[in-house]
């Protein structure tokens, strides 16, 4: 491909060579080196001008895609090239050559340069891309879904407004934290918490006293029973010892008598029946449990 290319200064050529491919960068650097060497020996003071060599076509496509085919501001060679006419000529030449190339060469060129760079050079980057989503004239009109994509299984037909979640700890609407006002407003809550703690401690102490008394009564009962058996053995009779199950039965009988005296027997028996019913229900299968609950 024979064409006239614009001329570049040394610094411009070196800076542009960084964005090119390796082979194009080598050719640019070699060209600039030979030109600087010749000018230093001739003691020229003017800035060095470099004309790009006739390169491979792939390198040319790289240069055009990177935007290198722009006229340098300091060059005064051709006044007709002002306004990017040279750039348009090179792009037209490239497109003409692409139209005459075979498909095999075009595929190789795309693999070497890249499809994105190839498309920008061949077709230009100013193509108008039509928006994929069409705007509705009225927001209440039904959405036109494409026939290519399958409709979702659970689609939202009627839009529902989601409630906006707001954390009052990190929101300015809640106001500033003032410890004095906070203590005054939540003083009732603190008093209720202290009452609950005191009630819990009181009930705990009462339960501990009750458990201690029951243990003392059981110990006294055992000692009394042992005394009776010793007296029986001293009189020549055979001593008798209760089993643990018999001792539990005696304890239950004494508890029954105490509850009957204090008129708490009905409440105790109702609670006991509920506990036993819950235990029996756990052993049944799930279907029967649901029927009984209904």
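Cβ atoms are placed via backbone N, Cα and C, with glycine included.
TrEMBL annotations:
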REGION    206-242  region 'Disordered'
COMPBIAS  206-235  compositional bias 'Basic and acidic residues'
REGION    263-294  region 'Disordered'
COMPBIAS  270-285  compositional bias 'Basic residues'
Helix, strand and coil totals (DSSP H, G, I; E, B; other) for the compositional bias 'Basic residues' (270-285): 14 helix, 0 strand, 2 coil
The compositional bias 'Basic and acidic residues' (206-235) - residue tally per DSSP class, helix then strand then coil: 29 helix, 0 strand, 1 coil
